[in-house]
Structures are given as structure tokens and as C-alpha cells.
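Among the features that Swiss-Prot reports, active site is placed at ASP159, with the record citing similarity to another entry. Residues or ranges marked as S-adenosyl-L-methionine binding site in Swiss-Prot (evidence: sequence analysis): GLU85, GLU110, ASP137, ASP159. The annotation substrate binding site is assigned in Swiss-Prot to LYS163, ASP195.
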Amino acid sequence: MVTIDRRVQPIAHLACNHQRAFIDMNESVHHQGSFFGRRKGHKLRAHQADLVDKLLPHLALAIDGPAPASLVELFDPPVEAVRLEIGFGGGEHLIAEALAHPSTGFIGAEPYVNGMAKILARIEQENIRNIRLFAGDAAALMAWVPAHDLNRIDLIHPDPWPKRRHWKRRFVQDAMVGAMARALRANGEFRFVSDIDSYNAWTLAHLLRAPDFDWTAERADDWRKPWPNYTMTRYGRKAEREGRRAAYLRFRRRAA
């Protein structure tokens, strides 16, 4: 268990204040459902639409039936482990990780059709064979995956839903933290990146009170700087240009 000292105190203090001020509401109203509410986007170009019609069906996960015994069965060529990225946006991070780790399978969940079209173009261009895609409800996907099967879950610059009445749409909720604990292997990781201080505080507060996770930070630089080989997304670069510093939070699933 990490001892929170002065090296990590700034963000920990923020989380504690945020928890006292806001998270004392009854979270029973934060029912599991769609954590995404903005699926519309720009009109697709002809080739993008063609990829959505013809390539996506070969890569898309169908969760209306039972899950496989292990998610590695979803990939050909075979993989050794599987990771999940939720809300991959333009796909920069997911593509880079898939290329860097060919023996790992990746599931990318994204509700925006424009994001799907962008990543399909990169998958076609790079001939990537270790990515599967999911365009539905992330909560339903988390409930479907086999227990203790994922090596890692990434949530990179998610929609912060800043208005209080929309907080129930944030991905990080107590119920979803429990779902991640069920899905992750022992010592698997949940990694979270955001340049929105209030969402960082929200996430840290939820994970610090979760019995199945440990925050891995031992010094301030562990959350102030990206982890090694992190691929900055287009949104991340935009945030830096505008003077917003992201936090890079890592939480490890405790062994049973």
C-alpha cells in the first residue's frame, strides 16, 4: 500500500477535498448504462464509410453471446495477453501500443463513428492484426469480458462531463471500478490520463477507496510525467499547447 507523503500530497489532497465535497452523494443513481452520450460527428468521407461498412464487421466484437473462456481466443494470429482501451478517440495511442506489442491483443472501445473510421484507416494502412473494436456500451463490454482476463485497461483523456448533472456519465464510478477489478488479472493495471483536475481528483478518490486497487505512485513525478514509452495523443498535445498539464495515474489490481 502506497503511503501518501508530501511528494504526492498535492493531488491526494485535491482528491480528499473533492471526495468530501462531491462524492458523498448517493451513487445508487449512477446506474450502469452508457457512459458515452455523444456519438454524432462529421460526415464520413467515401473511403471512411467504405471501411466502416466492410472492414469493421470483421474486427467488431459481438457481445450478444457468451464470452470466450479467454479473450486471447478472439485474435488470430495468437496473442499472449489482452488489453482494453476505452474511448480511444483518434486511435493514436491504441495504434502505437498495438504496433509496439504484437504479441498482445488490444480491444478498443469507441462510440464515435469518426474515431472508428480513423482507426480503421490506420489498421488497413499498417496491416495491424492484433486489434478488435467495440462501438457499444462500455459498461456492457466490461460485464461481458471473462473474469480476471485483462492485463490492462487504459482510459486516456476521457470526456470529463464537467456539469454536476452529467457526472453519472463519467466512466469512473464505484460500480465500474468494481467491474474493472473483476475483469483485471492480479497485478493488472488501470491507467488513467486527464488534463482536467476535477476528473483526476474524482478518479483518485474513487480508486483510493476501492479495496482491490493500489495507487502505484511513490513520488510526484510518477503522476506528473507520462510513463515510459507513452504515446501522446493529439488531444494531449493540444492540452499542453494551451498550458494544461495532465496527470498520469496508474492503479494496480491487488492479488486475491
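Along the chain as shown, the residues are counted starting at 1.
From the backbone N, Cα and C atoms, a Cβ is placed for every residue, glycine too.
If you measure from the Cα atom of ASP195 (substrate binding site) to that of the residue listed as 'active site', you get 11 Å. Spatially, by CA atoms, the binding-site residues GLU85, GLU110, ASP137 include one closest to the residue listed as 'active site', and that is GLU110. Rounded to a whole value, the Cα-Cα separation of LYS163 (substrate binding site) and GLU110 (S-adenosyl-L-methionine binding site) is 22 Å. Other Cβ atoms within 10 Å of the Cβ of ASP137 (S-adenosyl-L-methionine binding site), summed over all protein chains shown, number 18.
In the three-state DSSP classification, GLU85 (S-adenosyl-L-methionine binding site) falls within a strand. Taking every pair among GLU85, GLU110, ASP137, ASP159, the residues listed as contacting S-adenosyl-L-methionine, the largest Cα to Cα separation comes to 15 Å.
Sorted by the number of other CB atoms within 10 A, the binding-site residues GLU110, ASP195 start with ASP195, the lowest. In this structure, the recorded positions under consideration are GLU85, ASP159, and the one with the smallest number of other Cβ atoms within 10 Å of its Cβ is ASP159.
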